[in-house]
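Colleague: I am attaching a structure below and will ask some questions about it afterwards.
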């Protein structure tokens, strides 16, 4: 009986003894899972932090790149020659032409000379050519030999040779026109009236309500024209065309030089039209 009890008690104690070694194994697995989870969380947090800092640094690098490009463009703009005005500046100044000139502005200062440049076809061509290459068309105000010498000094060798060849051809052409026959005396041609003189000749000296232009001693239009009946005065081009935005009852001064950045180009067209012709 004692032996059976010992066997039964031993048999009942064996499962309990067999279960005890499994508890440390479960604890070690739980700790391993916890450690792996914490490590993964730390790695993800590190990756997120790194991405955030890289995003901030990328924004700063973009700003530095834009600033560097702006500085380079500004440096190039400062190195460009300032003889020719950019077309963009002329277009930005164009809206000033659309604003009517008030009487206060007319009385504050004299109107600058917009009659220095005509509005004929040759004036348009000259203005456009000087804009594209102002150094190729110098100011020639001396005598004919002085102007030729100045041209030779200002032009390069190739262009001067071309110009010299053209002068030779022109000289031969002029020499070939000379005739050995005696020239018959020709009658003096009748005096041709200028446009201003012809217009004045059709209007009596005293004619109320009619506009009678004023001419100088050479028959050209005076820069300042006035209508006595209305009291308005305005500036005109050499061909008598009215300069835009100069008609008022204020004081005028049409003899001062015109600044190219002022109201108009001096050619009877707006700066916007000149920009369109250039493009």
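The backbone N, Cα and C atoms fix where each Cβ goes, and this holds for glycine too.
Computed from a predicted structure; not experimentally measured.
Sharing the feature lines straight out of Swiss-Prot:
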type	residues	note
DISULFID	196-215	disulfide bond
DISULFID	226-233	disulfide bond
DISULFID	235-254	disulfide bond
CARBOHYD	113	N-linked glycosylation site
CARBOHYD	119	N-linked glycosylation site
CARBOHYD	265	O-linked glycosylation site
MOD_RES	9	phosphoserine
REGION	1-23	region 'Disordered'
TOPO_DOM	1-29	topological domain 'Cytoplasmic'
TRANSMEM	30-55	transmembrane segment
Colleague: When you measure from the Cβ of residue 215 (disulfide bond), how many other Cβ atoms are you left with inside 10 Å?
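Modeller: For residue 215 (disulfide bond), the 10 Å Cβ neighbour count is 19.
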Colleague: What disulfide-bonded residues among 196, 215, 226 are found with a C-alpha within 10 angstroms of that of residue 235 (disulfide bond)?
Modeller: 226
Colleague: Looking at Cβ-Cβ distances, which residues of the chain lie under 8 angstroms from residue 233 (disulfide bond) while being 6 or more apart from it?
Modeller: 224, 225, 226, 227, 247, 248, 249, 250, 252
Colleague: Which secondary structure state does DSSP assign to residue 196 (disulfide bond), in the simple three-class scheme?
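Modeller: Note: residue 196 (disulfide bond) is helical by DSSP.
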Colleague: Whole-number Å only: compute the distance from the Cα of residue 215 (disulfide bond) to the Cα of residue 254 (disulfide bond).
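Modeller: That separation, Cα to Cα, works out to 15 Å.
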Colleague: Mean pLDDT for the topological domain 'Cytoplasmic' (1-29), as a whole number?
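Modeller: For the topological domain 'Cytoplasmic' (1-29), the model's average pLDDT rounds to 56.
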Colleague: Counting other Cβ atoms within 10 Å of each residue's Cβ, which of the disulfide-bonded residues 196, 226, 235, 254 comes out lowest?
Modeller: 226
Colleague: Rounded to the nearest angstrom, how far is the Cα of residue 254 (disulfide bond) from the Cα of residue 196 (disulfide bond)?
Modeller: 18
